[in-house]
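Trainee: Quick paste of what TrEMBL says about this protein:
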BINDING   Gly83, Lys84, Ala85, Ile86, Asp87, Thr105, Ala106, Ala107, Ser108, Ser114  NAD(+) binding site
BINDING   Asp110, Asp157, His237, His253  glycerol binding site
BINDING   Asp110, Asp157, His241  substrate binding site
BINDING   Asp157, His237, His253  Zn(2+) binding site
Amino acid sequence: MGHGVLSETVDAISELHLHGVPLVVTSPTPNDVAGKRVVAQFEEEGIAVETVVIKEASFASVQRVIEVAREVDAGYLVGVGGGKAIDIAKMASDEIKRGFVSIPTAASHDGIVSGRGSVPEKNTRHSVAAEPPLAVVADTEILADAPWRLTTAGCADIISNYTAVKDWRLANRLQNVEYSGYSAALAEMTAEMLVDNAESIKPGLEESAWVVTKALVSSGVAMSIAGSSRPASGAEHLFSHQLDRIAPGAALHGHQVGVGSIITEYLHGGNWQGIRDALATIGAPTTADGLEIDGKTVVEALTTAHEIRDRYTILGNGMNEAAAIEAATTTNVI
Ligand SMILES: [Zn+2]
């Protein structure tokens, strides 16, 4: 991680002793920003390299990458992108049992380092287990240049670790869900580090991109230690997945989980004002208006979020409508 490290990509990869043809998996904008430079580096070193450019996040794209990888007999995959291309490279590499390297071009969510991939399908999102990356090449010069809202989304995704860990402990106490104190402490410390630096996280500052990316990497490590997304994904994520279903494409993942975190921290009886203030300082949304989602949709997502997957959280068997309205209005989300 650092300024200009993209130019050291091939060196970093050579330390991994991977064999065979690298397949660069990218999407149009990240390809212009970084993908083509990575390909040129391989070629300069006399390494034959293949590229596949995907346009949308879907299972069809994962399938296409798998087909291309088999056609060219790829030795490993190199995901270059904001999230979409990396998620797809990660899922494809898991399927074909090849390693993968992550080159994020935006610090928008912790998927850039985690062992989970998620793609939308019909009106829902599927999150599946995948291999974590063998290496991450994070060039802060490129990351600082990404649209600012993507970075604030990454920040909010990290701040949500607070409530994710609370849900994990609750599930451990009530349902005997496997828990790792080490992983939980790392996830919380990561959120703490970000909140402590919230004042210095500002658009255009490369230092900010560095702080956020470092936090995303630690968050991914916490998930790898836990062997699940528990340390970084609780009820606030269920709420966000449900919003994706009801109001697809309305807001960024990180922004949705941030707002979800304000509400679930309130449900835990914790310092929800602290979460709200940290989000506001960074410039992430703290209300339904900020997400450009109406109050009715927020209430619907809150009352149905517990159904989305078998993950025990503070939502328990679900909130009723009156309780959801109460929680959302008390926290000024609606
Ligand atoms: Zn997330």
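The backbone N, Cα and C atoms fix where each Cβ goes, and this holds for glycine too.
All TrEMBL annotations are machine predictions without curation.
Buried or exposed, and what's around them? Tell me for each listed feature.
Mentor: A helical conformation is recorded for Ala85 (NAD(+) binding site) in the three-state DSSP classification. Cβ-based neighbour count (10 Å, all protein chains) for Ala85 (NAD(+) binding site) stands at 31.
Listed in sequence order, Gly154, Asp157, Ile158, Leu216, Ser219, Gly220, Met223, Ala232 are the same-chain residues at least 6 apart in sequence whose CB falls under 8 Å from the CB of Asp110 (glycerol binding site). In the three-state DSSP classification, Asp110 (glycerol binding site) falls within a helix.
Every protein chain shown contributes to the tally, and the Cβ of His253 (glycerol binding site) ends up with 23 other Cβ atoms within 10 Å. A helical conformation is recorded for His253 (glycerol binding site) in the three-state DSSP classification.
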Trainee: I need the CA-to-CA distance for Ser108 (NAD(+) binding site) versus His241 (substrate binding site), whole Å please.
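Mentor: Given the Cα positions, Ser108 (NAD(+) binding site) is 16 Å from His241 (substrate binding site).
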Trainee: Note the Cβ centroid of Asp157, His237, His253, the recorded Zn(2+) site, then list each other residue of that chain whose Cβ lies within 8 Å of it, in sequence.
Mentor: His109, Asp110, Ala156, Ser160, Ser233, Glu236, Ser240, Gly254, Gln256, Val257
Trainee: Cβ under 6 Å from an atom of ligand 1: which of these binding-site residues qualify? The list is Gly83, Ala85, Ser108, Asp157.
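Mentor: From Gly83, Ala85, Ser108, Asp157, counting a Cβ under 6 Å from ligand 1 as near, the near ones are Asp157.
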Trainee: Considering the binding-site residues His237, His241, which residue's Cβ sits among the greatest number of other Cβ atoms within 10 Å?
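Mentor: Within the set of binding-site residues, the most crowded position is His237.
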Trainee: For His241 (substrate binding site), which of the listed binding-site residues (Gly83, Ala106, His253) have their CA atom within 10 A of its CA?
Mentor: His253
Trainee: Could you check the binding-site residues Asp87, Asp157 and say which one's CB has the most other CB atoms within 10 Å?
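Mentor: For the binding-site residues Asp87, Asp157, the Cβ with the most other Cβ atoms within 10 Å is Asp157.
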